[in-house]
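Summarising the annotation, TrEMBL assigns active site, proton acceptor to B:155. Residues or ranges marked as S-methyl-5'-thioadenosine binding site by TrEMBL: B:31, B:106, B:137, B:138, B:162. According to TrEMBL, the feature spermidine binding site maps to B:62, B:86, B:155, B:156, B:157, B:158. Residues or ranges marked as domain 'PABS' by TrEMBL: B:2-237.
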């Protein structure tokens, strides 16, 4: 059997993963959902043909979308997560005893069901008593909230298809309103490398920058994503993510992580010149 | 025409680049040399089937192998470069007026000739009067040197084929001997991500660590290399690369760079936990 899953990073670049077998293929109201068993990366989740995560390296994405804001503000109690149907972001969040309440708003219940069945190591903490799952459109959910969350994490798909509304100025403005006076917004910020991705990144950044007084970007290595060079946005009403990190508190927690540590927290906000220029010209 | 160059990052993962046409294919005494015109990355250089560089992102590799040691020790005058037949490392080095003498030892003259003809933006500074090119085996060349260089850059291929000897303990020991009392050794250090690459990285690191009192590793994003997560080694007799950087001097030079800056210099030495563990267990 010679079966390969291929993602086109551009029309001229493709990345292929050898597959043992397909585990499931479903069509929800919103998107096509596939899970494959691969040789190199364990199971992989694919939405509308795009690779969302692999068992081998999902830890990188999920640690780096969760731990930086928590290390910056140990007083965070109430969190809103938008998207994140695979459960990886919730798994990392629930490691913090200090968190009291986590709302997760995922538009597609079928993604959650598929991940519970086929990716149990990732969706393992969705039953934590602090977690409330809403199967709704995050865009609409956040409109009704005011001064309610200390942290919002936008763990979305790309800015086309079901995730498109999560890259609009209206949405970021509603996030600002839904956040407390020292609130933080983390969002997946695309990649700076290929022009189409970089353009999406610039548009997202320009909108967030126009709303939040502090708007930084940090980078990570995710080998199975387009170009392997991925960015997250850190927007905040009050805290600078580099100078305000509470290293002693975070290290005192004793959380075992495979990617995140307080040095890479700070190092990841140092960006290559070409990325800085793209962001400055956004 | 539907022509693709494919590199297998592992037996189960492949990366493919759409090609307009092949520009040259030669067989030297040491290896097969190919240059292709690609749509996404401009021209690409391939040795023995492995992608060495692309016009689009070679700046990342070449800036990051050259500028960190120079920013750490502005007094560097005499440099030895091993490998580097494409000329990119020399191009970056010759931007420093402070350098007086650069020896480049490349085993394969045909690589240099091909790059001069097909990659002139990269090989453009090989005629700088401070540059002396030796078409010899770097392993043998360095054996005869003692206390002669302030900096050695090992810009080699992977640890198999012609580059194999440049990953041995004997070679690193001879580099130590060839360096002045505050000398620095930079080497391309493979990738931490796929097990085969990580094993090569561990072996190289273990050997360098046993010889140099300071042996650090820094990471960069090179999207066209296996996993996109690449490492360089910074070994030194005296200077710690993070605490000893001379930011004012380097920024005062006014060099325009597309990747390197003094913040990412420091940030790139902060490594993910899984990489730190691989290095600690090397």
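Cβ from N, Cα, C; glycine included.
TrEMBL labels come from automatic prediction, so no person has curated them.
Mapped onto this structure are the features recorded in TrEMBL.
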| residue | record | DSSP class |
| --- | --- | --- |
| B:31 | S-methyl-5'-thioadenosine binding site | coil |
| B:62 | spermidine binding site | helix |
| B:86 | spermidine binding site | coil |
| B:106 | S-methyl-5'-thioadenosine binding site | coil |
| B:137 | S-methyl-5'-thioadenosine binding site | coil |
| B:156 | spermidine binding site | coil |
| B:162 | S-methyl-5'-thioadenosine binding site | helix |
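For the pair formed by residue B:31 (S-methyl-5'-thioadenosine binding site) and residue B:157 (spermidine binding site), distance between Cα atoms is given as 11 Å, rounded to the nearest Å.
Highest Cβ count within 10 Å among the recorded positions B:155, B:158: B:155. Relative to residue B:162 (S-methyl-5'-thioadenosine binding site), the recorded positions with Cα atoms inside 10 Å are B:156, the candidates having been B:62, B:86, B:155, B:156. Here the CA atom of residue B:156 (spermidine binding site) lies 9 Å from the CA atom of residue B:106 (S-methyl-5'-thioadenosine binding site). Taking every protein chain shown into account, B:138, B:162 are the binding-site residues, and of these the Cβ with the most other Cβ atoms within 10 Å belongs to B:138.
Taken over all pairs of the listed S-methyl-5'-thioadenosine-binding residues (B:31, B:106, B:137, B:138, B:162), the Cα spread reaches a maximum of 16 Å, rounded to the nearest whole number.
If you take the Cα of residue B:156 (spermidine binding site) and the Cα of residue B:138 (S-methyl-5'-thioadenosine binding site), they are about 10 angstrom apart, rounded to a whole number.
Separating the Cα atoms of residue B:86 (spermidine binding site) and residue B:138 (S-methyl-5'-thioadenosine binding site) is a whole-number distance of 16 Å. Residue B:137 (S-methyl-5'-thioadenosine binding site) sits 15 Å from residue B:158 (spermidine binding site), taking the CA atoms of both as reference points.
With respect to Cβ neighbours within 10 Å, the binding-site residues B:86, B:106 differ, and B:106 shows the lowest count. Other C-beta atoms found within 10 angstroms of the C-beta of residue B:156 (spermidine binding site) number 20, with every protein chain shown included. Sequence-distant contacts of residue B:157 (spermidine binding site), defined by Cβ-Cβ distance under 8 angstroms and a gap of at least six in the same chain, are B:47, B:48, B:50, B:52, B:83, B:163. Across the residues annotated as binding spermidine (B:62, B:86, B:155, B:156, B:157, B:158), the two Cα atoms farthest apart lie 16 Å from each other. Residue B:137 (S-methyl-5'-thioadenosine binding site) is surrounded by 17 other CB atoms, counting those within 10 A of its CB over all protein chains shown. Cβ-based neighbour count (10 Å, all protein chains) for residue B:62 (spermidine binding site) stands at 24.
The record gives B:31, B:106, B:137, B:138, B:162 for S-methyl-5'-thioadenosine. Within 8 Å of the mean position of their Cβ atoms, the other Cβ atoms in that chain belong to B:30, B:83, B:85, B:107, B:108, B:163.
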